[in-house]
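S.K.: Structure provided below as structure tokens; questions to follow.
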Amino acid sequence: MLEDLLGSQNLEAVFGPHAVEGVWPLPQAFTSSPERYPVNSQDFYFVYGRQSAAQQGCSVLDTAFKRYFSLIFPDHNSGSPADRLSWTIYLVPFCVPDNLSISAGKASLNAETVWGAVRGLETFSQLVYQDDFGSYFVNKTEIDDFPRFQFRGILLDTSRHFLPVQAILKTLDAMAYSKFNVFHWHIVDDPSFPYQSSTFPDLSSKGAFHPMTHIYTQSDVRRVISYARLWGIRVLPEFDSPGHTTSWGKGQPGLLTPCYKGGTPSGTFGPVNPALPSTYRFMARLFKEVSSVFPDSYVHLGGDEVDFHCWRSNPDVRVFMQKMGFGGDFTKLEAFYIENIVNITSALNKTSIVWQDVFDYHERVSTPQQIWDLQVVKAGLRVILASPWYLDQPGPTHNWARYYTVWPLAFKGSEEQKKLVIGGEVCMWGEYVDATNLTPRLWPRASAVAERLWSDEKQTSSVDKAFPRLQDFRCKLLRRGIQAEPLYVGHCKHEYQGI
């Protein structure tokens, strides 16, 4: 399932006794007292409990311990923590919700999976603060937590502008700080095909902006997937077709539909040609490779914004439609194409996700839909809400409230229908976004969406109450090297240093 496997672990952090504004996103149940305890980096260590299902050697948690030590104590530089600290965490079959308890000299985290433990470490890291003299403290705290929605995603478009791998990794860092758990990689589109296919190398050598500098090698992809995994983030690849495929045609002759004008070829091309058997042979080979390179059980097939003009102009396509009994209904032709691609990916044990256009065209698929309105749930399909959270257009940072005050289940429907909304996604399309402005355009506005998808709606309905916490969280992002835009007039104790 597309969900956070909320963790069963018991984590203990042991430490030697101006509080934080709170945690972002807000936990489901959170109580904190003025009683505070000092936290000394020299005496601080993590411990795997004796009853834990995971022990030292668990790559996800071993890495998380090192990572969060540095995040909790950013100015600690007297030797490697690995030289002095013992790490211990308990992975035991506790039931959700996850529980974080902080008392004098000890913090314990109970969670069901390693991913839940990683989320709990993020929560703990936000609770530790420094006074004006540089000493660290944490207040007595009790937290029970779990995400409201299973799917909490961010889409990056790497076709309209190429994003260097480092920019993607930095985004994954920031996603983890806000407890996002799905990276939707819209890797190819009309403008460029940067994915370097081992089966069809011409797709990138002829379809990328540059065949050497503006591509993602298989090694690059593995690096992103491995990095994301250690943050508890899934990588969902999207190879959108039959539309949005102009760049595909440069490296795969015969794939796109030749457009006609006045009964003769115009020299231009439209969507993928759904009338040719060779199309499906190509797609079967490509998705076989994609399914091995991207190990997640889901793959996004796109299916949106298909322009029928070229298909309509092509005599061979029209003949095929008559043969298939489609008449002049091009939505049936697209349905035929999508069903074939879904069957190809299903045979590879992948579950497909498509954009809402596929449902609007009455195509007979039962895959999760990425949607613009919530009518799809009435057809009994699982949905991912996307339309309220397109952040690619420039706008004032204070419009974060616009994205915060989205109520995903505020539609007329039964409880069973509302359960079909499995989450939502921030979409960062690339027409006006590259590595120069990706981070400030995303953050902290995307964090507003993160809280909407994680937290209890009734507890987080007030923009005014959320503002000081988001301001505080934005300052945490700056100290962690995330170039998040300011929300309003003010300052952070640790301003962005360009790291």
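Each Cβ is built from the backbone N, Cα and C atoms, and glycine gets one as well.
Because TrEMBL annotations are produced automatically, they should be read as predictions rather than curated entries.
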S.K.: What is the disulfide partner of Cys310 among Cys259, Cys427, as given in TrEMBL?
M.R.: Cys259
S.K.: Have a look at the recorded positions Cys58, Cys259, Glu305, Cys310 and say which one has the shortest Cα distance to Cys492 (disulfide bond).
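M.R.: Among Cys58, Cys259, Glu305, Cys310, Cys58.
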S.K.: Looking at the recorded positions listed here (Cys259, Glu305, Cys310, Cys475), whose Cα lies nearest to that of Cys58 (disulfide bond)?
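M.R.: Nearest in space to Cys58 (disulfide bond), counting only the recorded positions, is Cys475.
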S.K.: With DSSP as the yardstick, break the domain 'Beta-hexosaminidase eukaryotic type N-terminal' (100-127) down into helix, strand and coil residue counts.
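M.R.: Counting residues by DSSP class gives 14 helix, 11 strand, 3 coil.
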S.K.: Roughly how many Å separate the Cα of Cys259 (disulfide bond) from that of Glu305 (active site, proton donor), to the nearest whole number?
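M.R.: Pair distance, Cα basis, whole Å: 17 Å.
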S.K.: Go through Cys58, Cys259, Cys310, Cys475, Cys492, the listed disulfide-bonded residues, and name the one with the sparsest Cβ surroundings, counting other Cβ atoms within 10 Å.
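M.R.: Among the disulfide-bonded residues Cys58, Cys259, Cys310, Cys475, Cys492, the sparsest Cβ neighbourhood within 10 Å belongs to Cys492.
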